[in-house]
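Database features (TrEMBL):
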DOMAIN    4-129  domain '1-deoxy-D-xylulose 5-phosphate reductoisomerase N-terminal'
BINDING   Thr10, Gly11, Ser12, Ile13, Gly36, Asn38, Asn121, Glu123, Gly202  NADPH binding site
BINDING   Lys122, Ser148, Glu149, Ser173, His196, Ser209, Asn214, Lys215, Glu218  1-deoxy-D-xylulose 5-phosphate binding site
DOMAIN    143-226  domain '1-deoxy-D-xylulose 5-phosphate reductoisomerase C-terminal'
BINDING   Asp147, Glu149, Glu218  Mn(2+) binding site
DOMAIN    258-379  domain 'DXP reductoisomerase C-terminal'
Amino acid sequence: MRKVSIFGATGSIGQNTIDLIARDPTAYHVVAVTGGANIRQLAEDARRLRAQIAVTAYDDRLEDLRAALAGSGIEAAAGSTALVEAAARPADWVMSAIVGAAGLAPGLAALEQGATLALANKETLVCAGSLVLETARRHGARLLPVDSEHSAVFQALVGEDMAAVERIIITASGGAFRDWPVERLAQATVEQASSHPNWNMGQRITIDSASMFNKALEVIETREFFGIAPDRIEVVVHPESIVHALVGFRDGAVMAHLGAPDMRHAIGYALHWPERRELPVPRLDLARLGQLRFRDPDPERYPALRLAREVMARGGLSGAVFNAAKERALDHFIGQRIGFLDMSDAVAAVLDRFEDAGDLIDAPMTLDNVLKTDHLARQWVDDAVLRRAG
Ligand code: NAD
Ligand code: MG
């Protein structure tokens, strides 16, 4: 039996992962499942999967979790230290599907115990790419992509030599506002930004798709995961979300990965890798689709893409700053304290402030420095938002 753990089990990726694992209960021994405030879901999944331990991110929910697990023999724990301890429990395969930088420390702990880390949490590579890759190498652990674009690239590269790769093209649906007039974006509401044309995902990544902060994170993730130069990474808007990514080779050939927009494909590929097993995803009917469209992203509509280029050029801890500022700006947008376009303005301002602050961004990439930088970037977004309000 393979030992598996699922971090962020109660979320969108987590639930899709459980859907696959629960289809084959004799194949897996579930070590840990984790979640946030949705204790009922977490306890139900822990019982169904017969997990060893269930962990909620929130200390004040421990008693509720204990009560929900009463009589099951499943351990209950709470808080960020408990998450890291659960990740350190031996497992062969660990799904990293917490949302945000909170996924970084558990992911590192899983790599340190040698697990294969299935990485949905793109923030891990954006915040601490070289640290994460170095940790994996040192412990003989493997990282597998779960983000659909990166899984697509990974699959297109099977049997290929990275030296023959000319460029990587990741597609973007364009999100909720792709057809809105740019002048209307400033007025976009949280509710409008929270509906995705093609994918059913958590609220935060859905809003990040509308602003293309999600694609901005993915460009940086591509750079880190595949070790490719930033100027060889392209983004193309593809409203149908059928082609997930393409790899261009030096002989002019381009390999594309196509599939229905269902995350169980990328999750299942990472779960069964290096095999390809049957997966319960819809099959494509290209004749019925009729056409696939592609266009360049409009830089005015999506300033996040330009910011990602600046971050890649800057290097160091600027990825951690970028992600943290984005997360905090998103909190303020969801809290209706700032508007949709204010998010990219806030992130740009915090990146500038770090540039002026001297060498903070050039500190060595340790977990401690990443977390300190993350904390400061969030504080500086708060300062800027408070100043505006005052
Ligand atoms: P989600 O909001 O549906 O679920 C997030 C999970 O993380 C939940 O289990 C939640 O309880 C937990 N969580 C939230 N805050 C936490 C914290 N501070 N500490 C510990 N746990 C916390 O999110 P999602 O859509 O499943 O996305 C998860 C990750 O996967 C994100 O990094 C996202 O960018 C990435 N991703 C998601 C999709 C998708 O289709 N949903 C696709 C590609 C990549
Ligand atoms: Mg993606």
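Just so you know, glycine gets a Cβ as well, placed from its N, Cα and C.
Known features from TrEMBL, placed on the structure.
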{"residue": "Thr10", "record": "NADPH binding site", "DSSP class": "coil"}
{"residue": "Gly36", "record": "NADPH binding site", "DSSP class": "coil"}
{"residue": "Asn121", "record": "NADPH binding site", "DSSP class": "coil"}
{"residue": "Asp147", "record": "Mn(2+) binding site", "DSSP class": "coil"}
{"residue": "His196", "record": "1-deoxy-D-xylulose 5-phosphate binding site", "DSSP class": "coil"}
{"residue": "Gly202", "record": "NADPH binding site", "DSSP class": "coil"}
{"residue": "Asn214", "record": "1-deoxy-D-xylulose 5-phosphate binding site", "DSSP class": "helix"}
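In the structure shown, the C-beta of Asn121 has more C-beta neighbours within 10 angstroms than that of any other entry among the binding-site residues Ser12, Asn121, Asn214. Within 10 Å of Asn121 (NADPH binding site), as judged by C-alpha distances, the binding-site residues found are Asp147; the full candidate list was Asp147, His196, Asn214. Summarised by DSSP class, the composition of the domain '1-deoxy-D-xylulose 5-phosphate reductoisomerase N-terminal' (4-129) is 63 helix, 28 strand, 35 coil. Separating the Cα atoms of Asp147 (Mn(2+) binding site) and Lys122 (1-deoxy-D-xylulose 5-phosphate binding site) is a whole-number distance of 7 Å. Residues of the domain 'DXP reductoisomerase C-terminal' (258-379) grouped by DSSP class, helix first, strand second and coil last, total 74 helix, 2 strand, 46 coil. The candidate set comprises the binding-site residues Lys122, His196. Of these, Lys122 has the most other Cβ atoms within 10 Å. For the pair formed by Thr10 (NADPH binding site) and Lys122 (1-deoxy-D-xylulose 5-phosphate binding site), distance between Cα atoms is given as 18 Å, rounded to the nearest Å.
When the binding-site residues Asn121, Asp147, Glu149, His196 are checked against ligand 2, Asp147, Glu149 have a Cβ within less than 6 Å of one of its atoms.
Taking a C-beta cut-off of under 8 Å and a sequence gap of six or more, Glu218 (1-deoxy-D-xylulose 5-phosphate binding site) has these contacts in its own chain: Lys122, Asp147, Glu149, His150, Ile170. In this structure, the C-alpha atom of Asn214 (1-deoxy-D-xylulose 5-phosphate binding site) lies 12 angstrom from that of Gly202 (NADPH binding site).
For ligand 1, the neighbouring binding-site residues among Ser12, Asn121, Asp147, His196, Asn214 are Ser12, Asn121, Asp147, by Cβ distance under 6 Å.
Residue pair Gly202 (NADPH binding site) / His196 (1-deoxy-D-xylulose 5-phosphate binding site) shows a Cα separation of 10 Å.
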